[in-house]
Structure formats: structure tokens, C-alpha cells
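Chemist: Take a look at what TrEMBL says about it:
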- Asn82, Arg83, His178, Ala179, Tyr180, Asp247: beta-D-galactose binding site (BINDING)
- His178: active site, proton donor (ACT_SITE)
- Glu311: active site, proton acceptor (ACT_SITE)
Amino acid sequence: MSGKISVEDFGTTPEGRAVQRFVLRNNNNVCLKLISYGATIQAIEVPDKDGTVADVTLGFDTLDGYLGKHPYMGVVAGRVANRIAKGTFSLDGQEYKLAVNNGPNHLHGGLKGFSHYVWDSCVDGDSVKFTYVSADGEEGYPGEVTAQVTYKLTNDNEVDIQYQATTTKATPINLTNHAYFNLAGQSEPTIYDHVIAIMADKYTPTDDDALTTGEICGVEGTLWDLREGVRMGDRLNSVPGKEPGYDHNFCITQPGDKQLCARAHHPASGRTMEVRTNQPGVQFYTANYLDGTVVGKGRAKYNKHSGFCLETQVYPDAINKPHFPNSVLRPGETYHHHTSFKFVLG
């Protein structure tokens, strides 16, 4: 990446912690903005086929928006992203109880997960590194966990994210970024004109509370078959749930390092985003519960289906479902999760 990474103040938390914003630019007029509160993606600005730049991630102009209650916009979710059934799990013969903060279940690390802390931050060459130390017993989880998230913007228009973590005791871990995208621009009302493909021939069905049932089912002939790309306006309101739309984990067909797992295309702007990861799953969420009460950047009101998330991950509730991919990190091991969002212009 050419040019310097600029650093600026982004406000102060009620506890007196300063929050910084890091601005990264490449040679193609793509800009990535990060804040140290929640190791959050605050903005990604991308040109369209005519060179007009738009911010393609939902979020807030000021720190106050992130300090208030919001649906995890752009944050790093952890210690365990997604849901844990009834907020309980057993590990090595001991039962642990966590906060129940999403219906009957635990979601995204609890009442104050990794998303609601100021992370230590620094510029590391052409990258920005965030570090957070989660205390033993925080939110009910065992072990002191040291987590690092490193962001880089390349001249190939790729936002590269590296997650690492170590622990002093065995613990479940599942970190992800919860960015909401709208490739038409963050203030546009819906994603109905987006065509989204997910390279998964299986998915994990959910119950009425959006928790995985434990089944792993084929997508062939179902509403969850997105392998060839589907226009969202033709599909979202047909997907059953408390609110129509996707909030499901897809099982990546060929997991591997930086495996292409999803592609989103907005025909009118010409913007395409490709998602690659080394994780076995990706949660596809289509902002089913946004209702206009969240007011974001430029006073945009975020309504239902105004954005989408592609959260690379281990399958939800894996700690309680032994046949799912392993989510347990033990002392002496290093958790490593690699994901990138690449923007293809024109």
C-alpha cells in the first residue's frame, strides 16, 4: 500500500479511554477506516465503475453511535461470535454459564463482548494491529485470552484481516468481523438489487430463535442454494423466520486458506466484493431486524434488508455440538483466522 496510514482522535469513552481512528488508502482511491473501539471497521470507501466513491459499510460518524446500543456494526465479535445455546457449555468436565442476551441464548460474547472495549492499537508497517486481553472469567469464559486483529489494505483493493489468539486455559473461541455491507452505498434503502453467491453445498438449519439445531443439510433445491448467485429482491422475503431473510451459517464446500466462499455484486455501480477465508463456515445475515430506528452515517436510517453481513466463522454453537468443527483453544495453541474482502472495480 502506498502512502502513510494516518491516525486521528475519534473521541473518548465515558471511562476516559481515548479512541483512535486509522485511515488507510491505496493507489486506487479505496479507503479503509478503523477505530480502536471494538477493533471496528468504521468505513470502506470504494469507487464505482465511473469512479464515483461511496462508503459501502453501515456504521456511525461519531463514537457516540458505537457506544450506544447497535447491532454490532463493523465490530470484532468475540470471545465467541454467534450463539451458544442457553448460555451454557461444558468443557473438560466443568460447566460454564454465560449471559443470556439474545432470547434464550448467548450472542456475540455476552453483555459486553470484545466489541465494547477499547483495544490497544498501533501502526505496524503497512498494517494496523489491535490487541485486547480478555480476563479469566470475563463474561463467564475460562482463561485469559490475548487476541490480536491485524488489518491491511492492499493495492489489489483487498481488506485483509488476520485474527490470532492464545489462552491460559481451555476455552471456546470464534472471532469474526460483523461489517454490514451495501455495495450501492451505505445510505441506500435495500440490498434487493444485489446478486449474492455463497460457495456452500450445505448449511446448518436453525430453530425459531436462530440457533443451529445440529443438523447439516444440503442446499440443493432449497432457498439456501446460493451457489449460482441470486438477486436478493427475488429471494429475501421468501426465507422464513421471525423476520424474513437469511441469518444462517453456510458450510463452505472446500475449506482452505483464503478459499473463495462468497461473492456479492451490485450491477448498477459495477462493484463486486469477494470474500475469502480459512474458516469452515460463513454466517450470511441480511439485516432482518433493522427497522429504521438506528440512524447512521449522514443521518441514514437503516431499515430491514439495508445491508448484509458475511461473517466467517466456526459453526455456531460448536462448543455444544461435537460433530461441528472444533472451536476450543487450549494453552500452547494459537488460534488463527484469516479473512479478506476484495473489491473488484468496474
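Each Cβ is built from the backbone N, Cα and C atoms, and glycine gets one as well.
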Chemist: Do you know offhand how many angstrom separate Ala179 (beta-D-galactose binding site) and Glu311 (active site, proton acceptor) by C-alpha?
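Modeler: Between the Cα atoms of Ala179 (beta-D-galactose binding site) and Glu311 (active site, proton acceptor), the distance comes to 8 Å.
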Chemist: Tell me which residues of the chain lie with their Cβ under 8 angstroms from that of Tyr180 (beta-D-galactose binding site), as long as they are six or more apart in sequence?
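Modeler: Within the chain, Tyr180 (beta-D-galactose binding site) has Cβ neighbours under 8 Å at Thr57, Leu58, Gly59, Pro71, Met73, Gly74, Ala287, Tyr302, Ser306, Gly307, Phe308, Cys309.
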Chemist: Do any residues at least six apart in sequence from Asp247 (beta-D-galactose binding site), in the same chain, have a Cβ closer than 8 Å to its Cβ, and if so which, in order?
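Modeler: In sequence order, the residues whose Cβ lies under 8 Å from that of Asp247 (beta-D-galactose binding site) (at least 6 apart) are Thr206, Ala210, Gly241, Gln283, Phe284, Tyr285, Thr286, Asn288.
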Chemist: Of Arg83, His178, the binding-site residues given in the record, which has the fewest other CB atoms within 10 A of its CB?
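Modeler: Among the binding-site residues Arg83, His178, the lowest count of other Cβ atoms within 10 Å belongs to His178.
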Chemist: Within 10 Å of the Cβ of Asn82 (beta-D-galactose binding site), how many other Cβ atoms can be counted across all chains shown?
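Modeler: The Cβ of Asn82 (beta-D-galactose binding site) has 30 Cβ neighbours within 10 Å.
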Chemist: When you look at Asn82, Arg83, His178, Ala179, Tyr180, Asp247, which the record names as binding beta-D-galactose, what is the longest CA to CA distance in angstrom?
Modeler: 18
Chemist: At the Cα level, what's the spacing in Å between Asn82 (beta-D-galactose binding site) and Glu311 (active site, proton acceptor), rounded?
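Modeler: Computed Cα spacing between Asn82 (beta-D-galactose binding site) and Glu311 (active site, proton acceptor) is 9 Å.
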Chemist: Which whole-number value in Å describes the distance between the Cα atoms of His178 (beta-D-galactose binding site) and the residue listed as 'active site, proton acceptor'?
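Modeler: His178 (beta-D-galactose binding site) to the residue listed as 'active site, proton acceptor', Cα-Cα distance: 6 Å.
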Chemist: Between Arg83 (beta-D-galactose binding site) and Glu311 (active site, proton acceptor), how many Å separate their Cα atoms?
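Modeler: About 13 Å separate the Cα atoms of these two residues.
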